[in-house]
Amino acid sequence: MSKENNYHHLAQKILELCGGKSNISSYTHCMTRLRITPYDESKADAQALRKLDGVLGVVEAETLQIILGTGVVNHVTAAFSKLVSAEEGADVKEAAAKKKADINRKNATPFKLFLRKIASIFIPLIPALVASGLITGITKAIIQAGWLSADSQIAIILTVIGSGLFTYLGILVGINASKEFGGTPALGALAGILIINPEIAKISLFGEELLPGRGGLIGVLFAAIFIAYTEQFIRRFIPQSLDIIVTPTVSLLITGIVTYVVFMPLGGFISDAITSGLLSILDIGGIAAGFILGATFLPLVVTGLHQGLTPVHMELINSIGNDPLLPILAMGGAGQVGAAFAVFVKTKKTTLRKAIAGGLPSGLLGIGEPLIFGVTLPLGRPFLTACLGAGIGGAFQAYFQVATIAIGVSGLPLSFLVLPSQIILYIVGLFISYAAGFLLTYAFGYKDEMASQFD
């Protein structure tokens, strides 16, 4: 069976175990997970989904999150989309709409909705950030090693290719933010341009000249969300024949004025507070701060709250050019790898060893969900010892102030995104987390009596 057929077969089985296409309210995907919102949750068989070949784990939260891994999730989602796109009967749609409204009311807590919006804005940008970050990082490493002159045309071309995204990132954030809040994507792009336009330097307000980029991605978010709501409000009063001319023009004019008077200063204040606050925590807290941040990241992953950190990482890179937080948090996955390997060594249960063997390769490559949801979390104590191991590695990263130049998956691949002069330090910290997670779990974290579910 070809790979495409495998993806189609897996998508078909997932759809069946989620209650069929008439039970699918909505679906999307991130880097590793297919996220499905069923109309009727009772029709989705999470246990059966976990047993499917190709499924690395299942998380039952406000959405049904099926962990498939990087790369695979794109193909399976595409196949899944084709399967659910067939037209449904009107009676099914009517009943489904009522059920969807009930589910939305149940899940529509402000905090969950906020995280969902944030994820939808920033997660689609991660592949571009990884690509640009890798090209930039590798180019800097080659130049630093003396293999290429910084003034050579090859180095200049590679630098331009890698840096372009970070120059115009505000435009992409504006597009996604406006679309997410019901506006026109092109107007969202204009909201981003309002912040990064070099001509801003000619504007002087309240006795001070404006700085291009001031407000950062926070300012872009404010402007893009504002222009989306402004557009919707104005459209209510404009005749359809004039809508295409009046609505975008007035929306842009109002948003531009409000952006320069309010959003840029406010966004700049918040951006400075986030950046200086985190840097102060790491500077003052040092090893202790690194330990706490590293040890508490995995519980955030379990609850899905880690998605809220994506704009923080981006803002750090946008503001100071690097991210000292990501290497610390990346130790969470490394602690899991060490803990899972300790269980693998100690256990005599074939089913458990098979589950660990399947999850370790992806864990080493920065995809920790299979080990978290398939091994350490169900066992209980190994999850805690993994967190402690992660904290020890996080303390190491904080002490040496290791930072990345872009965001991406953790584990070994993140070493390509670390500042070239700190790659060895990052890898050392990674292996410290592996070792700490292993030793703590081997000594205190596991007995075969804990694994009755793997009999």
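A Cβ is built for glycine as well, from the same backbone N, Cα and C atoms used for every other residue.
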With Swiss-Prot as the source, which of 61-81, 355-375 is set down as transmembrane segment?
355-375
Proximal but sequence-remote residues of the same chain as Cys30 (active site, phosphocysteine intermediate) (Cβ under 8 Å, at least 6 apart)
Val73, Ala119, Ile123
Collapsed DSSP category at Cys30 (active site, phosphocysteine intermediate)
coil
